[in-house]
Structure formats: structure tokens, C-alpha cells
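Student: Quick paste of what TrEMBL says about this protein:
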DOMAIN    A:37-250  domain 'Class II aldolase/adducin N-terminal'
BINDING   A:106  substrate binding site
BINDING   A:124, A:126, A:223  Zn(2+) binding site
ACT_SITE  A:156  active site, proton donor/acceptor
């Protein structure tokens, strides 16, 4: 493997076509649940949900020793398995780089969820409901004392959100059982400030992940949300449950209702 | 049949594969209207309507001596016939339990509609319109005297809702003909408080069903709605008509309009 | 043909199967634009647009000497050509009545558009935007002097609406050329009160059609809208343009903007 | 080629069928990215997004020496390659005119983007969010000093919008590098008044293009928006990003939030 490019090359060959063929094998599968197929399918779904309009947002899956990443700047509803980047998790080298395409600027942020939370899948959306929630919080319209966190409680859908962010079967340090939030729990999602360049979010995102050990998501002000889970199913259903809660929260705010009532 | 697990086992065989094969026959059919196929199709439809986001909500069909139930925690738009639980209605034993999957926590609530209203199908959604209606009512924003019931009248779509909840051809006790609500009737849907655990809703749900003999649905505060009908078609169209009325009611409220005018 | 039922029966046969076969020929065609196919397709489309939720609404096409009608109470997204009623336009006798199904209560209202405006297609929706417009008008929230008409002007989409209601190439009595509304024209759609039974709308609907010779639609308060056109394409695109204008009007009202500015 | 009609005719033949065959070759291709196929696909997509309701809006692609144009008045979700008009870019003669259909009234406006910005694709929508933004601006509700321009800043999705309107790799006159807007940049889209006839927009649209060298779009008051890009992908993703920003801006306005904060 070339240390600079991360391409797989066989020792006995400089044949770049042959290298490409080997790298392509990483993304070609008849298994619909293979990450290269699943990311393509998720991108099409997220497009219809309004989460990845205009090439915004992204999704990444950790699969054995590899990380699969949708590329930057590609129309999400036209995503194909051959568009995928594949990175070696241990060395952070790209094993496959589609020609022409650029890797996603979200890559360091996805890696933060993989390494610090042992996540298996991470989803980034530009959902307008997420952005509106950060604006309402940031302006102190719901709670002037808490501009940096989205809080809501006593909505059934909160039960779709895990504590600790990757798996309901985990045990937290100290032996406390984790699992999903209950109806009477207060769900708290931290909000970090946006930066001019997406990769510069890494530091504050990692800090938020450290400081909020129970969160499975981080909101980015005027930008969107990062959500993760132990696998694709948990990341996706948590992203859906959160988006539901963001939308409901905006509608509640319009009706003059508090997200956390006394 | 094993009394403990409810699995079908042939007397002459302990072969679990063979038992599985027999149980699978309960959910495999080329008939698109077979309940195992119909539930899968309804789950996909309800996903697109935003009713079962993030594995929320559920649906159950009574079919001859059996109850078909979608499992808990499965992504609704990926539901397959082989994911279905099948229960014997008389004994409440599971005739089929898909491995790995968990039965829906809604099961006792669906059974309440089947037994107390002779329903043939029961649908549970987390529709945001249902939740917002319970919040508006609960805060007394439309009618401070009636926080525990959603009332609306003189909207054409009300005519899609049956009196008595399961069939327009029934005769109520005392001989009064039931049938669907008229345009000038006031539709009333009771609202019950949510509980920490879904199965604990059973008691108050059954009480609401008893106390409101004409309702075909019960709203659950900050949670969603249970709707039933004599068959799939009636349950589904009533769920749609109610959701339409919930959404319209929220929009009317935003415009400062009363749901029940004098 | 039987005068009572309108079924086609051959003189030499009392074979009801054979009669059925002949009547079925009226709705079986490989031509996707045949009215039995087109109504089925439109019902599926209108379902996704939220116009015919819970079996509400309907559509009818005049085709040569016949009227094709979607039945009452059928889930619109499951409509099939064999569900269609076919009426002889001249005699108003049903040439085909699907067993079990009931004819639409909208039938006399569709006939009003066919006979009084020479329409080729008529669409009835329960669109919430239509209902909300009737509520805003009826409460005098936009113009207390004009509670019985929806007026809007200087929105580009108005140019999708014809004067006279059936065809932009017609000449009005007196020789005035009709054609579509212009950007600076005021679009006016009359609003009639709803009645307990849909068929009782006929009289006021016919009156509104007479009194508003330039309208291609009538709004029904707290109910929905009837829209027609010279053919399917015009009826459908006018229904879309009107729904766009109803939605825009509701949003404008929320923002405090007048539909007709001075 | 006939100078009057622009039809291709072979010198040795007056056979109109043969001419038609040749012109049809311009729109028949098995390549899904061929402009005749791509426009049809985009029209279906834009219909589902609510951008081209009731035959409103349009799209055009520049392809080598030719301009491909969707016709006027055709239901966008039923658009087919054989419905396309093809114009010779140099001579502005139609090389293909489908019988019965009329060329789009947007044609001179699309040409303005092609000639003055070297665009490869231009999209026109009647999106309600675009119309509402022009109404909010025009009424001075956000900024009474700036009724003729939509301004927003510090929303991540702004980064999906290019400076200069056709290509992030271009160099502006004077050597300043263009590229996309940054998060801290203020996006400005000029708003021009609507005219009674769409073709009469050409003069003010061209003027706006000249006066706003960095814009990739022009809003038309009470009408919609024109968006262009160097190719289909850029035009489409910019149209999506703008529509996202228009919708977010309307929702922000409802919540009392400023689009450009100090």
C-alpha cells in the first residue's frame, strides 16, 4: 500500500488498473447491507427527507477494519457504490479514492464518533429543524439560561434515544446500566458553534463528546446535527427520532409551549 | 403447542426446524391482502406519512383465530412478513416468535381494541399532529374547561369517522343505529395521560374505551394516538381522517380559529 | 339495457356474467390515457398530495357519450379500473356498477360542471389549504366585506387559471375572448356553505356556477373545492394551480400580508 | 436547414417525415445524462419538490452547440424526451419543434444566463418559498432599507452557492478568485419586479445579471426564481441550496429572527 495515497498495490505490480480493480472490490457487493450499498440507499432516503439538500450532509459506516465514506459534493440521490471512499481505520490511509471526487470534509468528525464512542455509523444532516432549534436556543427564546444545549422532556419519542450514544446494552464506567432514555428523562443535546471550515469543527465536537458522555448527537449552530449509533440501524433511527423531536420542538415553540415544563 | 412459549410443535417431533417451518407458514402467502403482507405494506406507507419515525408506532391485524403483530424496534420501512409475531387470540400464546426480535409493547393495547370493540385492525402512530393536539388541549389553549378531550365539529372530513369505532352497520345497545358521524356532529376523542412504560397504558386506555363508547380512537398525551376499525380498510381510513383533522386543528389554532364554534 | 339498473344486457341473453363482461369492457384498456386507467392513476397521485385522505374527494371524466366515476368509500391509492362506475351521459343510467361499491355522492356535482360548463373532467379535493382558505374568508380575517369569495391577485401562478372554466380558446357570449387570467387580474373563486349531505350541495353549486361565469372552481366552506376543465390536463393543472394559491394565501395570511393589495 | 423554421432538411429532400426523423435524433438517446432525458427526469423531480406545480417553471440545458428546452404548458411530471425543443445556440433557430407544443416563454430568460454567464443549465421554479421571500422583502418586513435584495448570512448551506454563478474554478476579471461563498459571507440575491408577460422580464433580468456579477440567481417578485450553473449538477444543487435557504428564511421570519444579525 502506498503510504502517500493509501491505494492498495500488489508488491509485484505497478499496474494501476490492477490496483483499481482490487480497491473496487471493496465497494462491489450483491449484499444490500454491504456498507457501499447501504450508504447509497441511505443517501437517497435522506434526500427525500430533506436532510442532504444540495449535496449537504453525509454518512459514514465503520465495517470491520474499514471506514466507508460518501464523497463530498455529489448529489446524494444519485450516489452509487463506486462513489465511495474507503479508509483503513487503523492507519487512516485511503484504501480507495474514486478519481475526480473529493473526500468529505466531515471525515474527521465521523472519526471522532468512531474512536471516542465506538460508533459503527455516523450521520450528518442539514435538516432545517435542527438548524431552527439551534437558532431558537441560541437566541434564548426558550430558556435564556441555556443557550448551548437543546433540552426536551416527556415526549414519547425520546425513548428512541440511547444514553451513551452507542448501544443500549452497554455499561457505563462505574457500573451504571445505560440503555435508552425514559419518558420522564430530560434529553439534552449539546450545541457547538459553527466554524468557517467544516474540518475545524473537530476540536469542539470532540470536546462536546467528552463533556456529554450520554449524548448520541451534537448540534452545530446554524449548520445541522451529527448523530451516531452502534450500527446503521441505531444511527438511522436515532437520527429520525431526533429530527422528529427537533420538528416538534419548533412547532411547540410557535404555539408558545415550553420544551421543559415545570 | 408449548404452553410456555406458544410455539407450534408437532407431537411426534422435537425438531425445532420443523416447528419453525410450520410457524413460518403463518406469515408466508402470495395474497397481498394476507395480514403478514398487509402489515409490511402499511408500515412502509406509515413511514412515508411520518407516523412511525424511528421505529415508533405499530399496527396489528386480527385474522380469524390469530392476531398478527409487527415487532418492536424494527425500522418500519424495512418490515418483512417474516418479522411478524402471530398470537393465538383465544389463548394469548405466541404461535410464532421471530428469533432476535421482541414483541411490541403495544400488544396489550391492541388487544384492548380487539376484545372490547371487536376491532379487526388497530393502528398506533406517533404523528406529530396528534401530539400537538394533546399539547394544545392539555394546556387549555382552545378550551380551558376541556383539557381531556379533543373536540371538533363542522369539518367535512369528520364524516370519515364511525360512531362506535368498529363498523357503520352496527346497532348500539338499546337499538340506536350507529354509522358514521355527520357534518354537524361534534367529534370527541378522549385524551389519556402517558405512562413511563407503554404496557402500563392498558388500564387507562381500557377505561377510556369503556367511558367513550362512540370513539374509534384514544389520544395519548405527549405520545400519539391509537385508532381501530372493524377491518384494515376502516382502521386505516379512520387513522388518515383523524390525522387530517389533527393537522387541520393545529393550523386552525395557529390562525386563531376555534375548533368548536358557537 | 335495463332501465332500472342501467346494466348492459344483450337481448338474447339473461346471462349476468355475460352482461358483466360487456360492462367490464368499458373499463379495460391498455391505453394509459383511457379514463378508467387515468382516474386510477390520478387517485394515487392525489393521495400523495393529501387531497383525498381517508377516501375523501373524487374525480370524474367525461369520455364520449359516457361519464367515468371513481366509487365512494374506496381507498384512493388502491383504486383500480374495475372499481369504476360508468354512466350514460344522455340518460344518466349506469352502464356499469361494480358489485359491493357505492356510487360517489359527488356525482350530481360533477354532472353540474359537465352540463353547465361543458367540462371534460371534474376534480374534488379535501385539501386542507382549501378548507383553511374558506375558514379565513368566512371569519372575515382578510376582508370582512367579502366572506363569500376568495380573491387574490398579482401572483404568477394565477396565469395557470382559465377564465370561463373550460378552455382558453373559447369565446364568451358577446364575443369577448376568454383565455387564462393575467398577472394583474384578480382571481375570484366563490365559496358556498357546506350541507349535511354532499348531494344537497348541488343546488348552491349550480347557482354559484351560474353567478360566476368566469370561475373554474367552487370552494365549499369547511369541506374542500370542486375544480373542472375542458379535459383531464386542464382540470388537473388548474387544481394544482389553485391548491398552490390556497397554500400560498394561508402562508401570506400567517405573515400578515394581504391577498389583494391596493 | 430552413432559416425560417429552423427545421433540419436535407438539401436533396423535401420529405417532412425525413426531416422529423432527423430532428428526433436530437432527443433520442439511451444515455440517461443526455439533455433530453435529463430534462425529463429533472421535471419529474421538480414536480415532487413543488417547484413546477400546474405546468409552472421550466428547465433548459446547453449541450454543445444546442439548447434543449422543456415546452410550455406540459404537465412536468409527464414530460418525455420527444416533448423537447432544440435550438441552435449560434443562430437561435429551432432545430426541433414538437408539433402542437409551444416553446417556453422562459426561453429568452434562459438565454440570458447562457450568454451573459456562460451557464450550462438554467432552472426556473415557482417555489412558494421563493415567492414568500420576495413578499417579505418587498413589504420591508425584515429590512425596510433593502426591499430589492434577499440577504442572509451565517447558515452552513450558503456554502453550496457559488460566487459568479457558473463554476467555482473561475477567475473574475481583475484576477480575484471566485469559488463558493463562505459561512461568514453574506449571500445576496437580487429581486426584480414581475411583468405581465414572462418574456418581458428579459430586460430587467439581464440588467440584474449585469449589476450583480456574483449572483447565480435572480428572484422575481410574486413569481419565483431563476437559478443557473456551469452544468446541470451545479444548477440543480444551487437551486436546492437556495430553496433550502428561502424556506429557512421564511421559518426564521415567523420565529422573529433576523436573516442578517449584527
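Heads up, the Cβ atoms here are built off N, Cα and C, so glycines get one too.
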Student: Among A:124, A:126, A:223, all listed as binding-site residues, which has the most CB atoms within 10 Å of its CB?
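Tutor: When each Cβ's neighbours within 10 Å are tallied, A:124 tops the list.
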Student: At the Cα level, what's the spacing in Å between residue A:126 (Zn(2+) binding site) and the residue listed as 'active site, proton donor/acceptor', rounded?
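Tutor: About 24 Å separate the Cα atoms of these two residues.
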Student: Quick one: which of these recorded positions, A:124, A:156, A:223, have their CA within 10 A of the residue listed as 'substrate binding site'?
Tutor: A:124
Student: Including all protein chains shown, what's the count of other C-beta atoms within 10 A of the C-beta of the residue listed as 'active site, proton donor/acceptor'?
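Tutor: Other Cβ atoms found within 10 Å: 19.
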Student: Between residue A:124 (Zn(2+) binding site) and residue A:156 (active site, proton donor/acceptor), what is the CA-CA distance rounded to a whole number of Å?
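Tutor: It is 24 Å, counting Cα to Cα.
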Student: So which of the binding-site residues A:106, A:126, A:223 end up next to chain D, with Cβ to Cβ under 8 Å?
Tutor: A:126, A:223
Student: Per DSSP, to which secondary structure element type does residue A:124 (Zn(2+) binding site) belong, with helix, strand and coil as the options?
Tutor: strand
Student: Checking A:106, A:124, A:126, A:223 - which of these binding-site residues have a CB within less than 8 A of a chain B CB?
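Tutor: Contact set vs B: none.
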Student: I'm checking region-level scores; what's the whole-number mean pLDDT for the domain 'Class II aldolase/adducin N-terminal' (A:37-250)?
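Tutor: The predicted confidence over the domain 'Class II aldolase/adducin N-terminal' (A:37-250), as a mean pLDDT, is 93.
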Student: Reduce the DSSP letter at the residue listed as 'active site, proton donor/acceptor' to three states and note it down.
Tutor: helix
Student: Tally every other Cβ atom lying within 10 Å of the Cβ atom of residue A:106 (substrate binding site).
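Tutor: Other Cβ atoms found within 10 Å: 23.
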